[in-house]
Amino acid sequence: MSTALIENISGKGAKKYAQKRAAQGRPIKLGTQSHNPANRRPAWPTYVFLSIVVMVSVFPLYYTALLGSSTRLEIAQSPIPRLVPGVQLLHNLGDIVSHHQIEFWMSFGNSLLVAVLVSASTVFFSTLAGFSFAKLNFRGRTALYVFIIATMAIPMQLGTIPMFIMMNTFGWIDSLTALVVPNLVVAFGVFWMTQYLSEALPYELIEAARVDGASMFRTFWSIAMPAARPAAATLALFTFVGSWNNFFWPSVVLRSQMTLPLVIPQLRGAFTADHALVMSGVLLIALPLLVVFVVVGKQLVSGVMAGAVKG
Amino acid sequence: MSRWDVKVSPYLYISPFFISFAIFGIFPIAFNVVVAMHSWHRRLGQGEYVGLDNFRWVLEQPAFWTSLQNTFSIFLLSIGPQLVFALAIAAFLDQNLRTKTFWRMSVLVPFVVMPVATALIFAQIFGQFGLVTPVIQELGLFTDVSSPFYQDRLLSHVAIATMVNFRWTGYNALIFLAAMQAVPRELYEAATIDGGGRLRQFFSITIPNIRATMIFVVLTMTIGGLQIFDEARMYDGTGTGGSNNEWLTTVLYLFNLGFGDWADRLGQAAAVAWLFALVIIAFTLINFALTRSIASSRSTRSKVPPATTRRLIAEARARAEASSRAARDAGVPTLVGTTSRSGHPDALSSAQEDTER
């Protein structure tokens, strides 16, 4: 029995050694300390496997950089024009930014404005509602909360056509308002903040503030908001990414106004036969969020993982 | 003042969501019934009442049925590989890794690349002069066409499913990882002591314990995956789903009807939205029932409470101790593996039966 255990803990080599020792009549005696496999460092095959996964994850971006740093002729000659991105990339990026048909900076500004407004308001209203659901008592609380959760299951494409007609009636077609106002607060945000606040905010703090004569809103602002900060940051991040990457709704309501995802189909129209320029444009548009990711990636990871346990 | 504050504030604070949801959530869904029963156009607005004609019209369009087939084909091509790879990646990440934050962040990179950008990159990779086509034609496959990933219907689905898999596999792996980390480590310790190998541990301990999360992931994949639009629209330059509707998905069909360059049929598009919502709901329910029954029919589902686990570990340790002592005392080499390997599942399953009763 013990050699099988040794194999599990320390591998085949150790097992062979243990068998040899046992055959010589002096088997290895295992202590009663923990054999928890979670404490063991994984061996090299794990790192090889994960390295392959990482290479697959970044390969499309790397390939884009390769094509983006080529010229039209080089791409026509070979699907892999080079192995390392080069200075041609900077020339191509310059061409994209200065191209008259592609208003890169305007689109960038629009995307940023919409994403910031939507995430700020989603965080504020979700925290406000979450505070109410998690810590205040009122009639119908449970029923209303269950209702909010139920709304998350509705396929939103069901409302696309009426929403377009509404935007048309409001005069919001081709306006950023149509991207911001319908997304000021979403069910998921309320759910997320309620879950967090019901655990993270002790009743004693709220009562202390109330005893000191603070109004409800003051209690929310100076007690609940600071307590909600970690979950609020994660929610802001996910809302930002969602808004930044959104393609369907902007392509329904925008015409001359642009956000970054809408620029990508334009690249094809502007540089029909020039794959090098198209791909450098794609890289340019994908890049801002990747730069942000380097800074906040750790938080995004823990956000995904926290959502899994709660969801 | 203060009483008023306490009574009204709770409702005041939740009201922004309900106001917003009433205007941009409930009203459009109700209004969709009206739109679907009228002739309605982008420029002319509301036309005459047509009853169920829009629904009839949609059901008679071959493109509608093609789009449903394509949507499900792409969905089926993405769900299997995604689950297998996400589980494998999660299992490898669920170890005492060096620089674990680095590995976790790396698998999330595809998630933050803009989906339309990903679509264009893969369209290039699968295109006539991309990376894949020359390779498979070199192998003698699909040499009769110039760009098989655009001319063959199934291959175009494979290409689009690849984009979806690229984007979501790492994300789902992190969700599985979170669930795996919640599995009590004592279970693995007990299995290790009793000689259960890594693969055995994965299938007998990990999978049954993350069952709820697997159902959750499959459901979100279903609802999200069926609404696929970005990838199909960006696959070629015209964005209408292929010259013979090879990769026309249902949401893209809805978009083409309502907002495309060659159609202005908001009423019919609203009918498509209704029909497709029903399909999604029905499919989600079937999927839910199926996943749940498959997952719960596994007899290996763990119901062992921590106290039992601790007792098992203590017993196993005592057995290990006793047997190594016995072997040493007798001076006889132990028979490797056989006793322990057969011993372990029995011990666990009998304990399970105890707790289940």
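Including glycine, each Cβ sits where the backbone N, Cα and C put it.
Predicted automatically and left uncurated, TrEMBL annotations should be read as such.
According to TrEMBL, the domain 'ABC transmembrane type-1' annotation covers A:108-296.
The annotation transmembrane segment is assigned in TrEMBL to A:44-63 (among others).
Residues or ranges marked as transmembrane segment by TrEMBL: A:112-131 (among others).
What TrEMBL lists as transmembrane segment is A:143-165 (among others). Long-range contacts of the transmembrane segment (A:143-165) within the same chain, counting only residues at least 6 positions beyond its ends with a Cβ under 8 Å from a Cβ of the stretch, are 133, 182, 187-188, 190-191, 194, 248-249, 252-253.
Residues or ranges marked as transmembrane segment in TrEMBL: A:177-198 (among others).
The feature transmembrane segment is assigned by TrEMBL to A:219-241 (among others). With a cut-off of 8 Å between Cβ atoms, the residues of this chain six or more beyond the transmembrane segment (A:219-241) that come close are 115-116, 118-120, 122-123, 126-128, 130-131, 135, 186, 189, 192-193, 196-197, 200-201, 205-206, 209-210, 289, 296, 299-300, 302-303, 306.
The transmembrane segment annotation in TrEMBL covers A:276-296 (among others). Remote same-chain residues near the transmembrane segment (A:276-296) are listed as 61, 64-65, 67-72, 74-75, 88-89, 92-93, 95-97, 102, 104, 108, 237, 241, 244-245, 260-261, 263-264, 267-268, 270 (criterion: CB distance under 8 Å, separation of at least six residues from the stretch ends).
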Sequence-remote contacts (6 or more beyond its ends) of the transmembrane segment (A:44-63), Cβ cut-off under 8 Å?
85, 283, 286, 290
State the residues, same chain only, that lie 6 or more residues beyond the ends of the transmembrane segment (A:177-198) and have a CB under 8 A from a CB inside it; answer 'none' if no residue qualifies.
114, 117-118, 121-123, 125-127, 129-131, 133-135, 145, 148-149, 151-152, 163, 167, 170, 224, 227-228, 230-232, 234-235, 239, 243, 246, 249-250, 253-254, 259, 307, 310
